[in-house]
């Protein structure tokens, strides 16, 4: 009986080790089942960014808003139906997130060469990386093997995503809840070196805050009245709005940040020295940003037999 018991125990532990191994994301996950995946995604993203450079920022934001809500599982891509409530109409997402059609286009292209193989979650992770690279930012190796959620949480989207009115402590809390450090947070905030924001999200900062350059505030007020014009857009980085660089941090040091939450990173607080370093050392920023993106992409992925491989990114199978 003893040898049989030991054999069973050994097999059990081997099974656990194999299961743990299968659950790990890997850059080579599709090397046999869909080897052309990286090329297909890059070609489609190149087309999208050439047509509209802002799209690189939009896809990056889409990935962030996905990962911060119950992990990187493509739940943010799901449409509402009569019987299903997704995340698209949550407060931080409604009339704000964009790029869904680009992900649809990439998914369709991938399905042609590798049907039923690649998750929408992995496509989004690759597209976010490629958008950054196409705008001059750093590259990183994307671990793959995520599966797609069959559920979504509008309430988690409302509570987990940091607000543009967040204080530094609130930012710390939001990122820490996802297993991300203060350094990760400050590096990931550098994503705001590209893209645009709506007037409703920066109005209070340019009219009410004292920690803002007066000339910069006046300039922004021209396109963002004290009432009305909520959807009027302004670049998050006035210097190089469609180039991924470290100008965002230079703006912070000059108190020319568009969002209250961004200026909190340089406001006589714990992140001031890191912001100053990034503002003059783009290589360190790029390196930290890439590392933080990999870390963020590893937030609670569905792997193995969990979730599914959606055939349409907007709906469960």
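Glycine is no exception: its Cβ is also placed from the backbone N, Cα and C atoms.
Feature annotations, reproduced from TrEMBL:
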SIGNAL    1-23  signal peptide
DOMAIN    24-317  domain 'Plant heme peroxidase family profile'
DISULFID  34-114  disulfide bond
SITE      61  site 'Transition state stabilizer'
ACT_SITE  65  active site, proton acceptor
BINDING   66, 69, 71, 73, 75, 87  Ca(2+) 1 binding site
DISULFID  67-72  disulfide bond
DISULFID  120-313  disulfide bond
BINDING   162  substrate binding site
BINDING   192  heme b binding site
BINDING   193, 237, 240, 245  Ca(2+) 2 binding site
DISULFID  199-224  disulfide bond
- prompt: Within 10 Å of the Cβ of residue 73 (Ca(2+) 1 binding site), how many other Cβ atoms can be counted across all chains shown?
  reply: 28
Disulfide-bonded residues compared (72, 120, 199) - the one with the fewest other Cβ atoms within 10 Å: 199
Task: For the recorded Ca(2+) 1 site, enumerate neighbouring residues of the same chain (Cβ within 8 Å of the Cβ centroid of 66, 69, 71, 73, 75, 87, site residues themselves excluded), in sequence order.
output: 65, 67, 68, 70, 72, 74, 76, 149, 152, 153, 156, 157
Task: Using the centroid of the Cβ atoms of 193, 237, 240, 245 as reference, list every other same-chain residue with Cβ within 8 Å of it (recorded Ca(2+) 2 site), in sequence order.
output: 194, 239, 241, 243, 244, 246, 247, 248
Message: Counting only residues 6+ away in sequence within the same chain, which have a CB under 8 Å from the CB of residue 224 (disulfide bond)?
response: 199, 202, 203, 206, 232, 234
Statement: Checking the binding-site residues 66, 240, 245 against residue 120 (disulfide bond) with a 10 Å Cα-Cα cut-off, in sequence order, leaves none
Task: Take every residue in the domain 'Plant heme peroxidase family profile' (24-317), average their pLDDT values, and give the whole-number result.
output: 97
- prompt: Given residue 61 (site 'Transition state stabilizer') and the residue listed as 'heme b binding site', what distance in Å do their CA atoms have, once rounded to a whole number?
  reply: 9
Nearest recorded site to residue 69 (Ca(2+) 1 binding site) by CA-CA distance, among recorded positions 34, 162, 313: 162
- request: Within 10 Å of each Cβ, count the other Cβ atoms, then let me know which of the disulfide-bonded residues 34, 313 comes out lowest.
  value: 34
Task: Filter the recorded positions 34, 162, 192, 245 down to those whose C-alpha lies within 10 angstroms of the C-alpha of residue 75 (Ca(2+) 1 binding site); answer none if the list is empty.
output: none
